[in-house]
Amino acid sequence: MFRTALRNVLAHKARLLMTVLAVMLGVAFVSGTLVFTSTLSEATQKSSQKGFDGVDVAVQPHRPDTADAAPGKAPGLSQALLDRAGKVPGAAGATGTVHGFTAIADKKGQQAGNGTSARGRNYYPGADGKDARFPMTSGTAPKGPHEIALDSGTAAKTGYKVGDTVRLSVDGPVREAKISGIFTTDDGAVSTGGSLTLFDTATAQKLFAAPGEFSEIDVKAAPGTSQDALKAAVDKVLPATAESVTGKKMADDQAEMIAKSMDSMKTGLLAFAGIALFVGIFIIANTFTMLVAQRTKELALMRAVGASRRQVTRSVLIEAFVVGLVAAVTGLLAGVGIGAGLRALTGALGTVPEGPLVVAPSTIVVSLLVGTVVTVLAAWLPGRRAAKIPPVAAMNSVHAAATTKSLVVRNAIGAVLAGAGIACVLGATAMGTDGKGLMGLGAGLLMIGVFVLTPLLSRPLIAAAAPVLRAFGISGKLARQNAVRNPRRTAATASALMIGLTLVTGLTVIAGSVQKAVDKMATDALKADYVVSMATMGPLSPDVAKTLAADPKVTASSPVRSAVARIGGGTESLTGVDGRTIGELTNLDFAAGSLDGLGAPKTNRAVVDSDTAKEHGWQVGSSFEATFEDGKKGRLTVSGVFEGNELLRGILLDTSVLTPHQQHPTDAQVLVKAKDGVSEATKDALTETLGKNPAITVKDKKDVSESIAQLINLLLNMLYGLLAMAVVVAVLGVVNTLAMSVFERSQEIGMLRAIGLDRAGIKRMVRLESLVIALFGGVLGIGLGVFFGWAAGELIGSSMSTYELVLPWGRLGIFLALAAVVGMLAALWPARRAAKLNMLAAIKAE
């Protein structure tokens, strides 16, 4: 049977080409994902572990997690603790570290490197006056507040050299400093495309912590002392506000965190690969169904000469195995190429550390298994169906294709699944964010149900196109009849396209609705003309708010500052604002009370959103005790209850109440109302006031909406790109079905030519058939996508007050038009092949 199956594969290799391509693309997606993520993970882990090479034990701030402990960050580590840690038995010395965000402006005034990886640290010289972590390649270590050292990668990219003066920003205000030295480093921030700036320790402490405080103390073990023994010695000198961890534990934790991050990326990419493979199943099943139908007499003859049903089924499965194996091997090779290409691209962009291409044994095994198993499973049903045909009936060609009546059981199952799916989705919409699991189940059931029902739906939906097809004469009439003559085949071909369009449409509906919600939020919740924040959304120095408040072009401004406090046994978020001006900068809808008196001195007033008030049983006039970050307690009085929005929610109080309890107060953003309103001139003037800071953005309402729109469109385009593979596979399915259908109907096409239908008419018939099938899949996909987009929006709307459904009719029309174009393009080769058939040879063909 194996030799027979192999001969059949070789005999029908042209007809199996599309199947091989479909499986190959899916496997290439899988293997490319595995190669790329494995390469990325290993390079990132090796790079991060280098940062722990000189650390045997690290001491870090620790905040006890007890009911009476103050919330928020733990205090920094003192110089006295550094001295004690470096002198414990088994220690060879200790290094104090301070670090934070530092943006460097290039010579054009733009931020250099990857903004999210722009870091600053202290240079901590040892007894020899050098810091072994940062060897200088030129110049000297920084000394004093006006000198810095710059990593060699950033220096090369920006063209800076020793002696140059640069502009930089830590948390807001622009600073100028002279480059005293350039150094090399294995720091992870630099290897991922960022920058590293070194300050002397005193300057770094003022910028990132407080004078005399460190963020971390790294203790070096003396020869012969293990990390665990050193940790035990260090623990004996630690206060309750500090804890120690071994360098190995830190490296292991970092490796685990990177692995989890890579796993999340891998899972997301494999999900899209799975979609492409799932779509490919329809092509495989269709191909083998048609091959089996074309070889019915051959298989019946095998049965007549003694082959059992099991042997016939096995023969089909062996063919599928061979096809799957060839597709898997080629897909694996293509995937390795994809992984290498992505690695080269990210390396050129400088966003990942250097490292070799990793093709793990598991990648090879998984790729080969996926290709072969998917193909064999998809071919099992056609093989089983072929084996069940009685030999005599098959040889006399009296067996018939499934009709609508013979699909009663299938239709009943499909209706039950679709009904259950709709019920689950509708039930999930009433559950808010808790309904995600139920909605996922419902979506899966509905998709399967619609697929099962597709043969039944094909007749009425395709019949609806009859008036249009009549305009094309006999070619249009034949195209419609051909599209519905085999409902299962049409359903499988259309379903492949339906799946891709369902996902694309659903994502588009959700993205459009979210963007509308963001626009509404910017319009309804925000009265300020400008929002000032760090480009990386990091903490902003309070000096920025003070600078803007003093600007004569500004009529009102308020910082938005976040903190936490213990209230009633739990932790709550506090938001500090300028109580005197926040009413001019935001729209707050009060159910009771008002903002009046929020900024009055010594009143300790607070306004809370309705959800927080309901949770604690508060109303206007209620008072409650809060334990602030410094451990001190204060009593606040509720002076208003408002409806929370995406801009402000929780507990609002004046910064004069909050700031005294914060060790290092920082703002999230500053809201600004300008004397001359919104204009480019005013925006430029505010930017100038802030010193043309490379790390700060000044945005008006339109900018806020556009920046989020750009992010949404970027994400949407990435998802479109990932789903494009599934659409390409679906196109191959249409080509495959039409090509094999042309071969199957060779006699029929020859007869049509003989009775007068010319080659143009034959081409038109095949193209219209393809167009009808593609539009059928397109209509189903867009319909399902809109339904899923609406349902998902109901979940989003439960936590986003401005969310409302938006149907992007223009894009939906484009998607349907693209489905039509796909159908026409897919028909080009089959139509040409049909028109070139020799009339007489086709008529006498068996």
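From the backbone N, Cα and C atoms, a Cβ is placed for every residue, glycine too.
Here TrEMBL flags 17-236 (among others) as domain 'MacB-like periplasmic core'.
The domain 'ABC3 transporter permease C-terminal' annotation in TrEMBL covers 271-391 (among others).
Per TrEMBL, the feature domain 'MacB-like periplasmic core' maps to 490-688 (among others).
The domain 'ABC3 transporter permease C-terminal' (722-838) scores a mean pLDDT of 85 in the predicted structure. The domain 'ABC3 transporter permease C-terminal' annotation in TrEMBL covers 722-838 (among others).
Annotation comment: TrEMBL describes 269-293 (among others) as transmembrane segment. Remote same-chain residues near the transmembrane segment (269-293) are listed as 12, 15-16, 18-19, 22-23, 25-27, 29-30, 33, 37, 299, 316, 319-320, 370, 374-375, 377-379, 381-383, 385-386, 401, 488-489, 492-493, 495-496, 499-500, 503, 722-723, 725-726, 729-730, 732-733, 736-737, 740-741, 744 (criterion: CB distance under 8 Å, separation of at least six residues from the stretch ends).
Annotated transmembrane segment per TrEMBL: 316-338 (among others), in sequence order.
Positions annotated as transmembrane segment by TrEMBL: 358-381 (among others).
According to TrEMBL, the feature transmembrane segment maps to 412-431 (among others). Same-chain residues lying 6 or more positions outside the transmembrane segment (412-431) and placing a CB less than 8 Å from one of its CB atoms are 438-439, 441-453, 456, 787-788, 791, 794-795.
For the transmembrane segment (443-469), same-chain residues at least 6 beyond its ends with a Cβ under 8 Å from one of its own Cβ atoms are 402, 404, 407, 410-411, 413-422, 424-425, 476-477, 479-480, 483-484, 487-488, 490-492, 494-495, 498-499, 502, 768, 772, 775-776, 779-780, 784, 788, 791. Sequence annotations record features per position, and here TrEMBL assigns transmembrane segment to 443-469 (among others).
Within the chain, the transmembrane segment (490-511) has long-range Cβ neighbours (under 8 A, six or more residues past its boundaries) at 275, 278-279, 282-283, 285-286, 289, 447, 450-451, 454-455, 457-458, 462, 483-484, 712-713, 715-716, 719-720, 723, 726-727, 729-731, 733-734, 737, 773-774, 776-778, 780-782, 784-786, 788-790, 792-793, 796, 805-808, 811-812, 815, 819, 822. According to TrEMBL, the transmembrane segment annotation covers 490-511 (among others).
Under 8 Å from some Cβ of the transmembrane segment (718-743) lie the Cβ atoms of residues 15, 18-19, 21-22, 25-26, 29, 269, 272-273, 275-276, 278-280, 282-283, 286-287, 290-291, 294, 482, 489, 492-493, 496-497, 499-501, 503-504, 507, 749, 766, 769-770, 773-774, 777, 822-823, 825-827, 829-831, 833-834, 837, all in the same chain and six or more residues away from its ends. The transmembrane segment annotation in TrEMBL covers 718-743 (among others).
Listed by sequence, the residues of this chain that lie at least six past the ends of the transmembrane segment (771-792) yet keep a Cβ under 8 A from its Cβ atoms are 425-426, 428-429, 439, 442-443, 446-447, 450, 454, 457-458, 461-462, 465, 469, 479-480, 483, 490, 493-510, 513, 730, 734, 737, 805, 807, 812, 815-816, 819-820, 822-824, 826-827. The transmembrane segment annotation in TrEMBL covers 771-792 (among others).
Among the features that TrEMBL reports, transmembrane segment is placed at 812-831 (among others).
Under DSSP, the residues of the domain 'ABC3 transporter permease C-terminal' (722-838) split into helix, strand and coil as follows: 97 helix, 0 strand, 20 coil.
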